[in-house]
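Colleague: Dropping the structure in here first, questions after.
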Amino acid sequence: MLAASIFRPTLLLCWLAAPWPTQPESLFHSRDRSDLEPSPLRQAKPIADLHAAQRFLSRYGWSGVWAAWGPSPEGPPETPKGAALAEAVRRFQRANALPASGELDAATLAAMNRPRCGVPDMRPPPPSAPPSPPGPPPRARSRRSPRAPLSLSRRGWQPRGYPDGGAAQAFSKRTLSWRLLGEALSSQLSVADQRRIVALAFRMWSEVTPLDFREDLAAPGAAVDIKLGFGRGRHLGCPRAFDGSGQEFAHAWRLGDIHFDDDEHFTPPTSDTGISLLKVAVHEIGHVLGLPHTYRTGSIMQPNYIPQEPAFELDWSDRKAIQKLYGSCEGSFDTAFDWIRKERNQYGEVMVRFSTYFFRNSWYWLYENRNNRTRYGDPIQILTGWPGIPTHNIDAFVHIWTWKRDERYFFQGNQYWRYDSDKDQALTEDEQGKSYPKLISEGFPGIPSPLDTAFYDRRQKLIYFFKESLVFAFDVNRNRVLNSYPKRITEVFPAVIPQNHPFRNIDSAYYSYAYNSIFFFKGNAYWKVVNDKDKQQNSWLPANGLFPKKFISEKWFDVCDVHISTLNM
């Protein structure tokens, strides 16, 4: 961030007058800085007295005085005193689940000394205005809210949101660029590790939002949306100095800048020591995207660093909070299906389990029905998870499951592949030694290709193949199309509400064991097929009728794309 050149003159004088920490240059010889020798770390001064506590409460928004974001031209920042101080302490104590005594006891000071993010927790209330004297009304003031700190540059130098209801701001575009500043790298991790960790942090947000994050090393700095860098004390032209190791470890600014305190001992996510750079980066990116702090247990947006969480993820509330700003992920699927497997429990009994999969382009997601979300870390490349089948644009999946048969097939173009569930790979040949893939016309006579989609109906022991506006019912026992087929999809699967129907070119159709129902997908919408239970409750419903369409994102959550550069993370 190159905002120093446009600081207000008074602020610049305050900055230059402040003591500048002198640090020896961190020595390295390798291009990637893997042999870098970090300079000694500075320690933050503990909060141990009344004055330090007052500064803390003001700095992080707990008092009614805004003094958090850089020196003030009018002199040193005010601090809460007397009754105002006691009330600020009580607010802080309540948020930290401490007895709200209003006294600076040992437990309260300990909470203030915990490592934390530098973004304020609360937006202070506006100062009380004195009564207006009689006379003409005052001239209109600036439209900037009196609650907001002074804007020191085009980037606004203010945090993104507050738990007291202040309006959070969000990016207006969906593709965001980021860059780790080459002049502000960590002295403790290799460049490769830093870039990998930061890219993973962006990916974690991309997995739950329609945002696409891409690393940009070529554009001019001013064109990059989110810039990240490490620094100590006064750093990167920033008006807010870092305090050394032990307290404030990072801060984020509106519209995209994130700074990490290089005096902190940042470590990779696999380490059980230090502060996880991944966890801090995910937190700060949350601020840049518009999320404030919360004291809710389990949230990545808690202001304090929570150790011993090596496998942390964005919880349900964090996901819903960010989706409130950017919306849910929408999109079509090439195919969707439930994968059935047999397992033995602790008593040796055979149990049938299932997992739901969604395929799109060259990626796939496993959907955890019990948690109502995609698996952490998805999507994954089809090439990685399904050896031997086409690596993109799967047309259909069919699982023929009877007392005598347990066969799984993938379809693409004019061919199909059989998949071996036990070996977890596509078969290369059948029992007679004939090679896979095979032509659809040979294995399923009478079925056209390429297909739109297909599914196996266990009730009737039929495969329904869909092609444009037609559906073909295929008898798996006789290996032929039923005599009365093909028929129009609207004839076999009529609309419950007239004209509320996909009509043709269905993207995917599958039977869900989680809902005991058949679903048709087209675009970002789905139609549920009337099942036996529906008919029992409402006998007037047509057999195999389609209920009115709904959005896929309202039933299956967080099936989100990520940038292709992060697919293998």
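The backbone N, Cα and C atoms fix where each Cβ goes, and this holds for glycine too.
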Colleague: In Swiss-Prot, CYS329 is disulphide-linked to which residue out of CYS117, CYS560?
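Modeller: Swiss-Prot annotates a disulfide bond between CYS329 and CYS560.
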Colleague: Per Swiss-Prot, which of 115-122, 203-210, 355-362, 547-554 is motif 'Cysteine switch'?
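Modeller: Feature motif 'Cysteine switch' in Swiss-Prot: residues 115-122.
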Colleague: Do any residues, 6 or more residues outside the motif 'Cysteine switch' (115-122), come within under 8 Å Cβ-to-Cβ of it, and if so which ones?
Modeller: 59-62, 68, 91, 95, 159-160, 162-164, 240, 246-252, 264, 275, 280, 283-284, 287, 292-293, 295, 303-305
Colleague: When you measure from the Cβ of ASN372 (N-linked glycosylation site), how many other Cβ atoms are you left with inside 10 Å?
Modeller: 13
Colleague: I'm checking region-level scores; what's the whole-number mean pLDDT for the repeat 'Hemopexin 2' (391-447)?
Modeller: 95
